[in-house]
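Heads up: the structure comes next, in structure tokens.
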């Protein structure tokens, strides 16, 4: 190898080298202790919500004056992937989705750009519009959630007590980013009128509301300067409590009256209620705690637990805190499980080393492992790579690879010692002959992980630490092999005793030689058998199940429950209460928390969050254990199907990877809503034709009833009525009008004027509503209005400014969305071709996200191929030799497909990453073997003799490293997340190693055998 002999330098500087090794181990140990811990790696949610409200606006006005204006401006957003908007009468919410390849570190600047851009057109929006409002913390995770239930306390009393808890936590615990309320109900001061009494007094609602607002105003009254001091003037009149409202003075028919003469006042809660939280069947409120950026979730959990012990002791009897989300405990268990797997992998590899190499050589490899890992932990700390599912799995994969260089160095030293070299000469020889091919092989292996590291997508961001940790570990293992392993070997390895005969090949080696010589002699049969196996693997690949990411192995279940869209939040709560009773009866759950009228709060990053809606609820069920989770899922699914046939429901474990929601999705887009609805019904029929499709439904399609009140404007004018007056009267009589606010401690409580309960307007009596007119009289609404029923769309989803209706579905347990979409491909293509111009169907859900993620990986594959070929050419300096290595690489698919089919594992995103990484591992072994063949030819051997001799000499180290890699992956093979990758690498590497030892020498002889046996010296 060009450059100084690092092994020779290490031996000459023995004391310094030992000192460096000790410092590395000590520093790495402290780094491991201080590394951050988490369950999963973080990734950026590249979505922003823009919301605007226009009270009283119709659906058409909201779309044309709000949605269209905002979307036109938002189309200019840098890095935009899509705009998704949901428009309701008077309110629009727009999801600004950035491209998956957009750099995460630039997302914050784009969100500021959106704020500035929309702010520039705010003055062009209709008068009365509230907002737009922006939400860019869409990805905040609230990993610690404390719920609070109370007996004998009102909602306000409970909230006051919990607010003390919130303040104490923020004051006492560092590392908290924010604490959000869940399930709180806003108070209202209800000012209730008798409409006929108001009319009899000759009063106008607008007159009453103006009087209330004018008295409750807060304005400066001036400051008098006496020359010695400044004295502020304060004018009384603002409301201190509800009773003050009743004393507001009004002029009616020329005389003074009090508001209390025509109205009553009382405190109540919002009706209908805001989204509710229920814990174990009881209404509750909760505090959701989010960790500050860069924090340690385990440290935060310990600090919060410690603080809560003191805080809870001061709570009144009857208020009970319940920890309904405990991310620190989950992370602690996950890290513990993976650390155990890491230790198991270390033990397995050590056992393999000792059994295959012997005690002293095995001890050299054993010492190299913690030295290498220490260096890895030290670099991880500097690069802010935490310990989590991906980085720990990467450590286990790297551990199975990093012993390769140490074993190769030890094997070379043993061979030189057996030839009579001194221990120092054996170490320096190993470097001069093997350092270059080992480094090239290491770089080639790292190149196999390049698509993982540079995939620009959410899935790529999720798995990037796999590339980083493996690259760090492999580079560290090379440096350890050339710097520290020779020192360790010089102490532990001993030359054979004088006169010791060279060990004769055993039966295994003799059998391998005969097999290899036969394969070379019958090369066409060897090539034909290899090609046949590869062809079978390609065909068998179609039989392997596809799955983007597996489900999490956590014990939670998410019950997604949707009643018909016109259902009230009261109907949702009643239905949720029935489901809770069933869950309790099963005895399979530790606890359950229900979010009525909304999604769960994001306590887990990959959750798919949808806007709140009264008909939609979710229940988080914590099963007793994993087996109970599987049983409970089936039981709840059967119960929901039987008890709520009119509802849409899905019971699922937590997802891994990017958030998706319903796994099967087809988006139908087009300009006309009626055509869209009609075609969507046909599309749903196609999806439902798949035998394992479940819960086929739409994100919107159901129209809602509408009561149209057509005002005879001429007659209304003759009665002295205006549209504004009529709207005020109707809103007050039906829903209530907010007229002012009552300041109560830290709260601003809205004062809502409405008709008393006995006078509230319903569909039955709206026509007889008495409307006050000038002169102290009333007139029935029916005297100047006509009534008719109609239907309107309660909300419309659009995608990139085009109305888009999505058909959603789940699949039966044991099936996958990829299989469902593949089975429906021909039918969907035929349906798409039959659509009118301007309409189209697109696949969404799991398949779309998987395709985008895989595309981001495969986009980098050319870079991987270029790096590998370049490294091969640098090392081998021969197109023929490099071509043979490239020809060998795809043959690993034989073992990959066989292992996935044999052990019934799916081919998903993580497994694909494993296959790409496998390419580098195969190339590394091939490079080392071809380099050895070149060296043997340079010593005067014929092509065939060199091929056979090199294969025999590399038989033990190649098979040993492959065996250690395969066995080292066993601890993560049973896991849901890493299992497919582990089996893909294990099967592929095992078969590829055998082909490297048999097929590659045969191919080498076939390529070089007919030519001159001129010695060829590989680089290094």
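A Cβ is built for glycine as well, from the same backbone N, Cα and C atoms used for every other residue.
Note that the structure is predicted; figures quoted are calculated from it, not measured.
Range 338-357 is the one annotated as transmembrane segment, of 338-357, 498-517, 558-577, 578-597 (source: TrEMBL).
Contacts between the transmembrane segment (363-380) and the transmembrane segment (16-36): present, as 3 or more C-beta pairs lie under 8 angstroms, all at sequence separation of six or more. Cβ atoms under 8 Å from those of the transmembrane segment (524-544) belong to residues 890-891, 893-894, 896-898, 900-901, 906-907, 995, 998-999, 1002-1003, 1006 of the same chain, restricted to positions at least 6 beyond its ends. Counting only same-chain residues 6+ beyond the ends of the transmembrane segment (392-414), those with a CB under 8 A from a CB of the stretch are 335, 338-339, 341-342, 345-346, 349, 353, 357, 361, 364-365, 368-369, 372-373, 376, 423, 426-427, 429-430, 433-434, 438, 441-442, 445, 465-470, 472-474, 476-478, 480-482, 485-486, 489, 493, 917, 921, 924, 928, 956-957, 960-961, 964-969, 971-972, 975, 977-978, 981, 985. Here the transmembrane segment (882-903) has Cβ contacts under 8 Å with residues 530, 533-534, 536-538, 540-541, 543-544, 868-869, 872-873, 876, 911, 915, 918-919, 922-923, 926-927, 930, 980, 983-984, 986-992, 995-996, 999-1000, 1003-1004, 1007 of the same chain, all six or more residues outside its ends. Within the chain, the transmembrane segment (16-36) has long-range Cβ neighbours (under 8 A, six or more residues past its boundaries) at 10, 294-297, 370-371, 373-378, 380-381, 384-387, 483-484, 487.
Under 8 Å from some Cβ of the transmembrane segment (434-454) lie the Cβ atoms of residues 1-2, 6-7, 401, 404-405, 408-409, 412, 460, 463-464, 466-468, 470-471, 474-475, 477-478, 481-482, 857-858, 860-861, 863-864, 867-868, 871-872, 874-875, 913, 916-921, 923-925, 927-928, 931, 1018-1020, all in the same chain and six or more residues away from its ends.
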